[in-house]
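K.L.:
A single structure is presented below for examination.
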Amino acid sequence: MALNNIIIQGLLSSLIVFFLTKFNKKVGGFFTIIFSGYLFFSLLSYQNSAGEIFDLVKFGEFDISFITSNYAWFFSMILSLTYFLVSFFNPYWMKKLINPAAYNLLFMLSMVGTLGVFYAKDFLTMFIFFEIVVWASLFIIPMGKSRKSPIIYYTISSIGSFSMLYAIFYLYNSFNTFDIETISSAVISNPNEYIFVFFLMIMAGLTKLGIFPFHTWLPAAHGSAPHTFSPVLSGGLVKVGGFIALIVTAVIPSFNIFSDHLQIMGVPFENYLIMVLGGISIVVGTLMAIKQDDAKKLIAYSTVSNSGYILIGIAMVDQVGFAGGLMHIFNHAMASGAMFLSFAGIAYRTGTTKMSELGGLIKRMPLSFAAYLIAIISLAGIPPMSGFASKWLIFQGLSSNGMMFLAFAAFLVVLVVLCMFSGLCLLHF
Amino acid sequence: MSQYLYIILMLVGIYGLLSQKNIIKMIISLNILELGLNLFIISTGYISGSNAPIIIFENDTNFVDPLPQAIVLTAIVIGFGVTAVALMLARNIYKKNGTLEIDEIRGEDND
Amino acid sequence: MKRIIAILLTVAVGIFIFTGLYGEDSDFKAFGEKNISDTVANSYVDKNVDADRESPESGSANVVTSIVVNYRSLDTLGEVTVLFVSALGVALLGGFLKEKVTFSVKPGFILKNGMKIISGIILITGIYIFIHGHLSPGGGFPGGAMIGSSFLLMYLSDEEFKTKITAFKIMEGTAGSLILIIGLAGLSIGGYFLYNFLPNGNVGDLISAGIVPILYVLVGLKVGSEISNLLGNFLNGEVE
Amino acid sequence: MINPILLVAIPLLAAFLSIMVKKLSGVFLFGVSLFTAIGSFFIENGSYVIGGWKPPFGINLVVDDYSFLILIIVNILFFLTLLNGMWDLKKNETVLLVTLAGVNGIVMTGDFFNLFVFMEIIAISAYILASSTEKYYSVFKYLILGTVGSSLYLFGIIILYGTAGTLNMADLASKLPEISNSVKVLAFTFIFSGLAVEAKILPFNSWVRGIFGNSNTLTGPMFSTVYATVSAAVVGRVFGQILTIDTNLIYAFITLTLMTFIFAESAAMASKNLRSILTFSSIGQAGLIITMFLLGGFYAALIQLVNNAFAKMVMFSIATKTYSSNEDDDIDNLAGIFRKHYMMGLGFTISALSLIGLPLFFGFYGKINILQTAFATNMWIPAFILIGSIIEGIYYIRLLVKLWNPGKEGDESSEEAGTSYTILNGFTVSIIALVVGAVFVVAGITPEFLVENIEKAANSLGDINTYLSSVMGGI
């Protein structure tokens, strides 16, 4: 199935599902499952195809086109898997929502939007689909508990996306193209101009990932979003930020562009600065998570700390750490998705996600508690789980470059997560 | 010469608008501004040593520039129309707020 | 405090104007030294704007009237609309007041009887002025203002005097529509809106200059009825 | 192929006739407005002369691609405004006919003084329309500022006449190089300040809050779309094409317009009721459009002009309709009103998102071009524009989230927690909202069909010599 037909079908299906849910709620819910499944399996075929170009539509004098690549395939796999698994919750959750038709429409739009971001050939297409993801997810959050959190979410993410827009047009003004390949080759020639663009572009990644200075929206938005959309928000949409960070640091070879700049422990100072931010957000995320009473806010803060891990992995230029970072993206997507979904189940039955009111749950809902337990262990990085593998790789990368401070910060956090986990268990017995 | 006077007249009108508090005084200073402007327009058309543009003898065409006079004719009547509407507004303001001092008129922006 | 800012601002604007206009490198024509040949008005005066028109192009002795009604006739149309809208506005705004205006000073004997004599004379001179608009100075607007002032005298002299307002409305409406109908006739006959399709005759006598006198009479009637209607609305305060 | 002068003459004739037959004036109004809306499609480009006198001596109406586009937009907007404001006509039919004539005249006129006369016609009829909401002091402030503005404008063109000896736009454009610099700076500043009052630029827009803020279903859409489009189009014509100004004067004007954009957006952030938010947003958008015209980015300016006009048409008609049915437009009391009026809510949301410039909507295409033009001049202007549009995005999203989701801050948004208000007789408004919403979405994805005649208009505004040859060489 050609990529652009998939995107077009996605956009049309979001309209279809809107009218379908208007007609009958259950049928709309099932349609989302079917379509996200179809999307997941049709994307499987793009595993090793790289460089195939599909153009969607001519937008004025620019054209919107896609290009397949293996890192884009990897990210789109994670995203469509998360959407597919989460959409199983949709049919049961329809009657609880105030506006199910709009929910399904925006759900599908954000799914298609993320695909557009990953497979974008030029920065303009990436920005268009990035903004579609932003405003699609924006109108779902107020269907949950709070009316203020979508505004904080939009403010911070628009600061990020508009600085990216500024950078894109700055590049367009100097290189007269939006295309990522030509820009990455053209930028090598004048590195110090690229510093300015690098920091502006990575801003979009940082705001979406919820890194330290921009993390305030994450607990507010994930905590108060409708229960079935929080897993998509924290599992999926945070990874879009990761993807942009990847584009800026790895696809456009930031290491050899900044190779002659000031080196701190063998890493250019720009990347090091990003890693320090990642480290801080790990510590901040975990410390804030401890004192949370609402479970969803607790998981949201753990997302902040884990996206800190991801950022360190991606920004690190060492081969091992980079692999660890990418793997952690997958682990975190699955783990936080599982945690949020288990709490969605709990909220479906009991109506509340406050841990203080959930004492002794293990007897009544053993299965969801088991899933929650496994997810916690994997996130904490305990040996048998995959979380351990990715964290260990990141530690290898960090320690091999001699960045002991960051390694220590990451290790400290593992201890804190352990005691968080023990606190949770006490509650449940 | 007299053109300086007309510009000063306009400046008096502008000063009046900026400083006056009473609505009627503001309308008067608006008229002073327009008076100064109209006189200035006429003065741009003046050519020393020529007379009014009415053709009495066929060949004598040593006239003043007639175009500013045509423009002033229109500008005066526009000033008249605006002042008529302004005075009617002032009357309605007085009827509604009981005062013509703009400080005492309580703010009515989308109350 | 507000006054000081106002003074400063006015002085600043004044200096800005004076240096701009009368500075050394400004070529704004000084008062009186301008010669007419380098302005557009030169061909208005010599009446040779359009070669293929027959000899006395605009035919009217008063060059200003030829500009106002013939060369730049859209300005006058706009002008008449401005007055029409402000008269209408005063009528609409007047609706807010609902009560009749009473004079604090009752009209005295001299005013009452003097009015009977003078207002007739003012009316006649007003009509004379806008009929001879294309010959003597003045024209539609000054003539109309005079008619208005004669009616003002009538209003001031006694309070019960109230002309039938609709009379002015109908005169105003017909005069305005006639102006436009003549304009559209010019469009159909000569191909241009407000085209002077009547013969010009020779400069100086009463029946000359094509549609110019007709238009100016209609303008005078319209302006006269509008101003008196306007004053009527000011005094009586209720909408017709 | 009708003669464009009919677009001015027919409404005037209808106005003069309608004061005699009061009962028929409503029929006159809708008939003539429909005539001009359809007639404006059938005008041919060219320079049409009044009274048969060649341009530098007589007055001419210029219809090139630019004024052709503006005419179509303005007449369609006028007809839509009449449809929305039917209930609030309040005996203003004749004044509206005169406004229609003035609006058509000011777009087409090729003479500076004629532009002043038409500007005055529009201004006076605006004072009368605005006073139908009986907020006389705000109308008085508008009148004072409007008259001062037009007097300064007249002073500017008289200075130019004093030096160049002509009032015709084309003639003056060709004579501009000979005029000395100090006179040019003086005249252009006064002309710009004269036009800035109606175009709502910073030092002269203190009247906008009072007039737009208290507008009813007729004056709200009328001022925010028809008047806004016309005033921006006039600035585009005068400062975009005819009076080419040197760079340091442009930068002076641009600081004014950009400050207008930023201050207006931040003021909108702070305001709490629906109409004043839209008021400040209109001022901000006007500042942005005028900046684009001054920078020479006509294509971006025109797209933003069209986008702003139709988006404001939908938003202001809904806002004033809610005010007229509930006498209160405070956002907190209106929370969740779109749950009751789904179609209106949809149209409002799409217009708001398109105004912010989010993808999948027409506004995004405008924003791309705005950034391209801004980057061509220098690095700071795009930064200001982006900051302004972030602020604009924030208060629009806050507005939309509150109007869609009833319910207090803490608890789930549920059905019955909504507002008690409803919007009465909003059928035409929801139809217009849906049509405009559909156009925005379709144009957002493939903007070709809407944009290529905007492109022709921008090009015709760009090159002055076709304008000169069509006017000077004209009949």
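Think of each number as a place in line: the chain as shown, counted from 1.
From the backbone N, Cα and C atoms, a Cβ is placed for every residue, glycine too.
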K.L.:
So which range, C:3-21, C:117-135, gets flagged transmembrane segment in TrEMBL?
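P.N.:
TrEMBL lists transmembrane segment for residues C:117-135.
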K.L.:
Kindly say whether the transmembrane segment (C:141-157) and the transmembrane segment (C:203-221) touch, using the definition of 3 or more Cβ pairs under 8 Å where each pair is 6 or more positions apart.
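P.N.:
Result for the transmembrane segment (C:141-157) with the transmembrane segment (C:203-221) is yes.
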K.L.:
In the same chain, which residue numbers or ranges, 6 or more beyond the ends of the transmembrane segment (C:178-197), come under 8 angstroms Cβ to Cβ?
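P.N.:
For the transmembrane segment (C:178-197), the list is 58, 70, 73-74, 77, 80, 209-212, 214-215, 218-219, 222.
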K.L.:
Please list, for the domain 'Na+/H+ antiporter MnhB subunit-related protein' (C:110-227), how many residues fall into helix, strand and coil according to DSSP.
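P.N.:
Its residues fall into 83 helix, 1 strand, 34 coil.
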K.L.:
Kindly report the helix/strand/coil residue split of the domain 'MrpA C-terminal/MbhE' (C:36-93) according to DSSP, in that order.
P.N.:
39 helix, 1 strand, 18 coil
K.L.:
On the 0 to 100 pLDDT scale, where does the domain 'MrpA C-terminal/MbhE' (C:36-93) sit on average?
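P.N.:
Across the domain 'MrpA C-terminal/MbhE' (C:36-93), the average pLDDT comes out at 81.
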